[in-house]
Amino acid sequence: MSQEFLDAERALLGKEARTSDVVITTALIPGKPAPVLILEDAVRDMAPGSVIVDLAAEMGGNVQTTKKGEISKIHGVTHIGLTDMPSRMPAHASTLYANNISGFLFSLGTNDHFHINLEDEVTRGAIVLKAGELLWPAPPPPSMAAVQASSPTPTAVAKPEPPNPFNETLKDAFLYSTGLAGLIGLGIAAPNPAFTTMTTTLALSGVVGYHTVWGVVPALHSPLMSVTNAVSGITAVGGLLLMGGGYLPETPVQWLASTAALISFVNVFGGFLVTQRMLDMFKRPNDPPEYGYLYGIPAAALLGGYITAAMQGYSEVHQIAYLASSLCCVGALAGLSSQTTARKGNYLGMIGVSGGIAATLGMLTPSHPVLAQMLGVAGIGGIIGSTIAKKIEITDLPQLVAGFHSLVGMAAVLTCLATYMHDFPAMAMDPTAATLKTSLFLGTYIGGITFTGSLVAYGKLQGSLSSAPLMLPGRHAINAGLLAGSLGCGGALLAFPDLPGLPLLSAAAVLSGIQGLTLTAAIGGADMPVVITVLNSYSGWALCAEGFMLNNSLMTIVGALIGSSGAILSYIMCKAMNRSLPNVILGGYGVTSSGSARPAGATHTEVTVDSAAELIHRASNIIITPGYGLCVAKAQYPIAELVDILKGIGKKVRFAIHPVAGRMPGQLNVLLAEAGVPYDDVFEMEEINDDFPETDLVLVIGANDTVNSAAETDPQSPIAGMPVLKVWKANQVVVMKRSMGVGYAAVDNPIFYNNNTAMLLGDAKKTCDALLDRIKHLTA
């Protein structure tokens, strides 16, 4: 045969080997070396876990990588090069036969006693005599032909009824009618024009906040949470309005107000600095230079213009300065609608809060000692907040956000208590006292839940508390009792003016604080993204209550923006989990499972780091789907370096992010940006889900429930209907996780047992480091 013929033969056989899982070669010429038919290049391209049985191994083998007389593993392919295969057959056959006979004998009883079951067909057929009775021959087994296989009755699928335009329109009409009637009712109950004006401000700012927050891109949800933390520091205004004394506070009211202002300034400085750190991570090397310091010009224009006008005696300039500050806070949220304007939004937020604080000081015209006290409080709070923001690791961002939420809640409670103590002497003669007391109660109640709930969330995220839900016996009754007690205190505060109001308000604060503990403790760690957004919303509504209480439009507007932001993010998170907000808040999800989604008799396939690296090296189109496991292991750095190498050799590599991956909205986007992954390579679920069928390889790193196909295939699954990343539609999937354990929802993941899925088990950071080293070697 010519060399051209041999080359063509090897090319043809190599092509077939590359697509085969088992290859058996038998070409052997007596007295001559075996022809080499399959070269090492073809073996290298075979799927990891494949098997080659080379029956010509005695004479060198038909496969170039076969080792004579050995079972070896080369390039992830098991080679069987044994030369005594015929002599092994009798022993194997005898072993199998002995196993069958032993199993039969053991089924008949123990060492000292027989258990003869004549209902068993095998036992009955082997028995000739029993107690002297002839049992042979055994009756023939029932004929299987007589049994007609009944075809399953098709399940009738009810067709969804087409929408009824009349009913839909009627529903909308009733909804609008209820809302408009409610507004008329507020007009009837309004005690004075100031209440009506503040309600108008709340309504309009709520609408503005609603439309603004919906424009924020999902990748910037973490900066959104951080910047709303910062602007929620406007609670400092409430403290400043009640501060007094001299260089130090002199009365309990002043001490409470000073403390509220101090912890609010921690939020302001810390929130803006963390937001800036996050946004800087999203910068790409080729982005144009930025000149953020130029935003000092509009800041100087606002502050300088306000101070000049105030010194000239223009009394209305204070409210206009509040309006300008509020618009800047709106701009802070609107700026997060894209990566190009995000940093501009953060600067606008800084201008807005600075202008609001300056306008408050201008209205108060405090004495020099009190002004020094106010500046000292701001300075101390700023140092604390800046120190925390500089030292915090980005992986600990959810804990930081939860901690800052607790400060907002505490500031609201302290301000409400201080306001009651300050205004109590005049309440008896004030016709609007009922409105003031209602605002005081709402601010105290919401602030109390926010404070303690945020502390529990912080503890769960930090690991100081167990992330498992705390299922107290009768917890729903306990929470209902706490709610009733708080409402009772609020009702008594309104209905009985002669009763001492401070104990009632303090009791409401304690009861709401306990309720915040019990509610949040019953929520598992995986639901923390929703908990954080709900607490964010709570802090905004507490700020709104303060705005009504102090008749302060800035606090009302900013509170409505934050409340809307948190509410919308909570809706997005719940929709991504196919769950309702009450289902999350009432806790207990994931404790039980209705069944197993694991296919009967299914087994999973495990691969080594070397085999996984080979798969990555061969793939051209790769999608990486990270989960919370990547956050915990801090594996984003080796993955980012791995992606750079793969892109450098011409491969297409993208990231797919599920909305609830991580422990707060947008956390994984920030972690990947911190590691240097360009935001152009990171896609949301809706943007990339249709691309999986055309993908060569998907790497699932530390994710489980967010890639669980049972959400679509098993209507009885606890996560049925939950939107998931459809990774199983890719050509090959490699799942990297610590073990085969279930996710937070406590259900099996069927994709682990698919033919196109390989499990790479182990610590995510160590595995990613090993993969990176192997890819470096393969691409060197």
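Glycine is treated like the rest: Cβ placed from N, Cα and C.
The feature region 'Disordered' is assigned by TrEMBL to 143-162.
As annotated by TrEMBL, transmembrane segment applies to 173-190 (among others).
Here TrEMBL flags 202-220 (among others) as transmembrane segment.
Distant neighbours of the transmembrane segment (227-248): 254, 256-262, 264-268, 270-272, 274-275, 329, 332-333, 336, 345-346, 349-350, 352-353, 356-357, 360-361, 364, 366-367, 369-370, 372-374, 376-378, 381, 401, 404-405, 408, 411-412, 414-415, 418-419, 422, 536, 539-540, 543, 546, 549-550, 552, 554-555, 558-559, 561-562, 565-566; these residues of the same chain sit at least 6 beyond its ends, with a Cβ under 8 Å from one of its Cβ atoms. Annotated transmembrane segment per TrEMBL: 227-248 (among others), in sequence order.
Under the heading transmembrane segment, TrEMBL lists 254-274 (among others). Outside the transmembrane segment (254-274) by six or more residues, the chain places 226-236, 238-245, 346, 349-350, 353, 373-374, 377-378, 380-386, 388-390, 392, 397, 400, 404, 407-408, 410-412, 414-415, 417-418, 421 with a CB less than 8 A from a CB of the stretch.
Same-chain residues lying 6+ beyond the ends of the transmembrane segment (294-314) with a Cβ under 8 Å from its Cβ atoms: 321, 324-325, 328, 344, 347-348, 350-351, 354-355, 358-359, 362. The transmembrane segment annotation in TrEMBL covers 294-314 (among others).
Taken from TrEMBL, the feature transmembrane segment applies to 320-338 (among others). Proximity of distant same-chain residues to the transmembrane segment (320-338), defined by a Cβ-Cβ separation under 8 Å and at least 6 residues beyond the stretch ends, is recorded for 205, 208-209, 212-213, 215-217, 220, 223-224, 227-228, 231, 234, 302, 306, 344-346, 348-349, 351-356, 358-359, 362, 552-554, 557-558, 561, 565.
Remote same-chain residues near the transmembrane segment (345-364) are listed as 223, 227, 230-231, 233-234, 236-237, 240-241, 268, 272, 275-276, 279, 292, 295, 298-299, 302-303, 306-307, 310, 318, 321-322, 324-329, 331-336, 371, 374, 378, 554, 558 (criterion: CB distance under 8 Å, separation of at least six residues from the stretch ends). Per TrEMBL, transmembrane segment is recorded for 345-364 (among others).
Sequence annotations record features per position, and here TrEMBL assigns transmembrane segment to 370-388 (among others).
Taken from TrEMBL, the feature transmembrane segment applies to 400-420 (among others).
Residues or ranges marked as transmembrane segment in TrEMBL: 440-458 (among others). Remote same-chain residues near the transmembrane segment (440-458) are listed as 399, 402-403, 405-406, 408-413, 415-417, 419-420, 464-465, 486, 489-490, 493-494, 505, 508-517, 519-521, 528, 531-532, 535, 538-539, 541-542, 545-546, 549 (criterion: CB distance under 8 Å, separation of at least six residues from the stretch ends).
What TrEMBL records for 478-496 (among others) is transmembrane segment.
As annotated by TrEMBL, transmembrane segment applies to 554-574 (among others).
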Go through 173-190, 202-220, 370-388, 478-496 and flag the stretch with the largest number of C-beta pairs under 8 Å relative to the transmembrane segment (554-574).
202-220
